[in-house]
Amino acid sequence: MLRKQFFFSECAEMAGETDPYAYLNREGFTSEKFKVEISNLPKYLGMGQFKKFLAKEGFVPHKIKPMGRFAYVCFKDDMEKEKAIEKLNGVMFRGSKLEVKIAKPMKDPLVKKRKFDEVNSNVDDDKESVPISQKIENVTLPYQGMPLSEQHSLKKKYVEDVFNAYKNELKHANRSLFQSQDGNLCPIEDTVASPVDEHYRNKCDFTIGINPENSLATVGFRLASYKKGACSVGPIAHLSHLPLKTIEAVAALEEFVRKSEHAPYNPEDHTGIWKNVVIRTSDAGQMMAILVMHPQNFEEKALVELKKGIQDFVVESGIFTSFFVQFQGAKKSNDDVALEKLSGDDFISEKLCDLEFRISPLAFFQVNTKAAEVLYRLVGDIANVNLKSILLDICCGTGTIGLSLAKRCKKVYGIELIPSAIEDATYNAKANAIENCEFIAGRAEEKISRLLDGLREEDEIIAVVDPPRAGLHQKCTQALRRASKIRRLVYISCDAKCAMKSFVDLSRATSNTYSGDPFVPKRAIPVDLFPNTSHCETVILFER
């Protein structure tokens with residue numbers, strides 16, 4: 001037991017840890033061993049086109065990293081790598097003669113950073129003496145202690161900076177629109193406040209690792225990502241945005257992990273089993289947990305015993321209304337690995353805008369429920385939703401936006417790629433006796449045109465998009481541009497800087513790639529869904 005708790009310190013003394021390529025000799029798969037560099041690629045080559053070319057040549061790579069006129073391509077074994085070098089080197093592709101050679105593997109980011117830190121070891125002693133709990137707060141809640149008015153000003157400034165960059169892109173993407181606006185896009189309005197600024201976060205993903213101050217297994221937050229060279233995990237009980245019930249659940253799980261015979265998972269050498277835990281809460285007092293573990297080489301009997309121990313803990317704690325486990329290998333992809341329910345209900349429920357929503361374990365739901373109500377009312381207001389409106393809720397998830405605005409609309413259509421989310425949305429509509437909503441599973445770019453074909457030209461059609469952080473898929477943006485019946489569009493972004501390409505593409509000059517009239521930004525409003533952090537949602541009204 002004691003030895004398990006000190007594995008992190010021991011790992012730091014392993015000879016291999018000074019070598020940034022030591023991971024290549026460890027057990028377990030890494031495609032970095034089978035990487036090639038393909039150079040002299042055609043200009044303006046899309047990822048889809050490149051994948052099709054490789055498939056036509058008989059290759060299905062494990063990973064592709066485009067770098068402009070060249071790309072790194074990782075295969076699943078040495079045979080495929082050698083075959084690619086032999087077959088693709090010198091091949092003509094869209095007028096370019098390809099050059100293929102073995103590529104150097106990527107350095108382990110943690111070892112790379114450790115070596116950098118050793119070289120730059122003259123770090124300010126005051127910084128090194130800061131307790132890890134304070135470091136965690138500095139990373140997680142950087143605006144803690146700052147007056148809310150100042151936080152709101154900073155968030156408005158952030159959106160203004162993004163829009164200045166957007167404006168500069170528009171000079172080239174749509175010069176006539178840029179000139180017609182006198183070089184100015186819409187002004188950024190004041191940040192809309194959250195009704196609550198403490199204990200608001202209803203979902204958190206906690207890492208299970210080692211606290212460097214006491215060398216004990218800890219359920220908490222990392223100081224930084226592994227990619228940035230950090231494995232250390234710090235405590236979270238002092239963080240003001242977490243509900244007290246969540247803090248209680250984390251403490252119980254932490255005690256269970258420390259008493260177990262297994263160590264936390266170490267992403268550097270892939271030992272240990274406990275990886276992370278996702279905790280969701282509701283205002284009704286429900287508590288759902290998804291405990292993610294690495295199965296290592298456990299036999300079925302050992303896995304059964306492990307799950308039995310977790311079940312006993314869940315029952316004894318009396319904290320959780322739903323508890324799931326997920327066994328996941330070294331490569332992280334939660335959505336692709338099946339969940340197994342060990343205890344309790346399949347869902348939790350949350351009230352939003354006087355409606356009750358069923359939330360499944362992997363479903364998207366805004367993390368600040370009270371502020372989400374403010375956000376959705378704002379969306380309805382700036383889009384001028386009324387009883388003549390037909391609302392297209394694109395990337396609808398469990399239907400929260402469309403259902404919240406349904407009583408203000410003539411009809412709501414929700415489109416979502418994930419079938420389980422559509423099941424939740426359909427259930428939520430029935431449970432709330434809402435009859436003017438229809439939810440459709442599939443890709444938005446495929447469903448939008450078919451849906452609009454059945455609507456009249458005189459219908460007032462409003463689109464609302466709430467895509468993932470990176471923004472809309474290009475094909476979805478193209479479909480929205482082609483949809484001439486959509487005259488008004490509201491874009492909800494949780495990271496305006498990451499989504500800026502989508503804004504630019506919506507506003508580009510008409511072309512073969514982006515047909516249809518461009519959308520013009522008319523209003524932009526930051527909404528403070530995440531008090532005491534540097535993040536905010538941005539609501540943008542586009543019209544054409």
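Note that Cβ sites are derived from N, Cα and C of the backbone, with glycine treated the same way.
TrEMBL annotations:
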- 34-105: domain 'RRM' (DOMAIN)
- Gln366, Glu416, Asp466: S-adenosyl-L-methionine binding site (BINDING)
- Cys494: active site, nucleophile (ACT_SITE)
- Cys494: active site (ACT_SITE)
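With Gln366, Glu416, Asp466 listed as the residues that bind S-adenosyl-L-methionine, the site has a largest C-alpha separation of 16 Å. Cβ-based crowding with a 10 Å cutoff singles out Glu416 as the top-ranked of the binding-site residues Glu416, Asp466.
Counting residue by residue with DSSP, the domain 'RRM' (34-105) contains 22 helix, 21 strand, 29 coil.
Less than 8 angstroms from the CB of the residue listed as 'active site, nucleophile' sit Arg469, Leu529, His535, Glu537, each of them six or more residues away in the same chain. Taking Cβ-Cβ distances under 8 Å and a sequence gap of 6 or more within the same chain, the neighbours of Gln366 (S-adenosyl-L-methionine binding site) are Ala372, Leu375, Thr400, Leu529.
A strand conformation is recorded for Glu416 (S-adenosyl-L-methionine binding site) in the three-state DSSP classification. Taking the mean position of the Cβ atoms of Gln366, Glu416, Asp466 as the S-adenosyl-L-methionine site, the remaining residues of that chain whose Cβ falls within 8 Å of it are Phe364, Asp393, Cys395, Cys396, Gly397, Thr398, Thr400, Ile401, Ile492.
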